[in-house]
């Protein structure tokens with residue numbers, strides 16, 4: 001049995017680090033600081049971090065096949081030109097809810113972007129409920145709403161055969177599954193795969209490994225849990241030295257490393273003393289599993 005090791009690799013502290021994506025072509029880790037309003041790109045080889053300021057809260061950033069990135073900034077899905085440090089709007093969502101913002105986003109295996117929204121934070125950890133939605137954006141920039149009355153749209157991924165979509169609405173305290181039609185992206189037959197237990201925190205970001213199992217970052221739980229979606233059984237728990245674990249992805253040359261982002265916003269001075277690495281990004285090795293390459297937006 002391999003021994004699991006957790007190490008802090010990006011010490012730069014994010015207010016809310018989120019949305020890690022491994023860029024295979026560059027061998028770099030892309031992630032965002034939502035409240036810090038930045039997209040970061042970190043190289044394990046050089047240990048250097050590059051950043052783009054977004055000017056508004058940024059929920060996610062993903063690679064784009066034609067170059068650059070696509071990001072969720074405010075309520076806008078934007079194209080990011082990294083070298084020019086510029087952003088161009090591709091689509092707007094939730095026009096009737098001006099205080100909403102985009103949160104987590106991920107690209108499906110055929111290149112469609114899935115992105116969710118959430119209501120305004122009224123005070124730390126208090127949100128307007130059922131204000132969010134889940135949208136898709138296709139290569140021709142068509143926006144489709146798939147779900148509404150969402151509290152906090154968060155982690156998502158697909159089964160190996162693309163026939164199941166896994167989704168997290170954090171305040172439901174569950175990981176859910178839908179039947180998924182790969183060609184159209186249509187979702188149906190929602191059901192619960194896993195219900196978080198007392199002390200596990202809120203389900204946040206999520207990724208799937210090469211065996212189709214799910215790895216869920218648990219906000220306020222200080223852990224990532226590994227779930228078999230076919231049985232609903234928790235197989236493993238990886239503990240981290242911070243409580244506000246936010247999201248995760250596999251990366252590294254052979255996708256054997258699990259990268260985990262975290263947050264420090266909302267921690268008291270005493271909690272920050274107890275968790276000096278809050279807001280850092282971690283690498284977990286020795287899990288004995290591998291992830292799948294991330295997808296790039298086709299538009």
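Positions of Cβ are set from backbone N, Cα and C atoms, glycine also.
Automatic, uncurated: that is what TrEMBL annotation is.
As recorded in TrEMBL:
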{"type": "ACT_SITE", "residues": "204", "note": "active site, proton donor/acceptor"}
{"type": "BINDING", "residues": "18, 154, 204", "note": "divalent metal cation binding site"}
{"type": "BINDING", "residues": "101, 103", "note": "substrate binding site"}
{"type": "DOMAIN", "residues": "16-264", "note": "domain 'SMP-30/Gluconolactonase/LRE-like region'"}
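Positions of the features from TrEMBL, shown on the structure.
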{"residue": "18", "record": "divalent metal cation binding site", "CB count, 10 Å": "26"}
{"residue": "101", "record": "substrate binding site", "CB count, 10 Å": "24"}
{"residue": "103", "record": "substrate binding site", "CB count, 10 Å": "27"}
{"residue": "154", "record": "divalent metal cation binding site", "CB count, 10 Å": "30"}
{"residue": "204", "record": "active site, proton donor/acceptor", "CB count, 10 Å": "27"}
If you measure the residue listed as 'active site, proton donor/acceptor' to residue 154 (divalent metal cation binding site) at Cα, how many Å is it? 6
Hey, how far is residue 103 (substrate binding site) from residue 154 (divalent metal cation binding site), Cα to Cα, in Å? 7
Where residue 101 (substrate binding site) and residue 18 (divalent metal cation binding site) are concerned, what is their Cα separation in Å, rounded? 14
Other residues, Cβ within 8 Å of 18, 154, 204 Cβ centroid (divalent metal cation site): 19, 103, 104, 152, 155, 168, 170, 205, 217, 219, 246, 247
Averaged over the whole of the domain 'SMP-30/Gluconolactonase/LRE-like region' (16-264), what is the pLDDT? 96
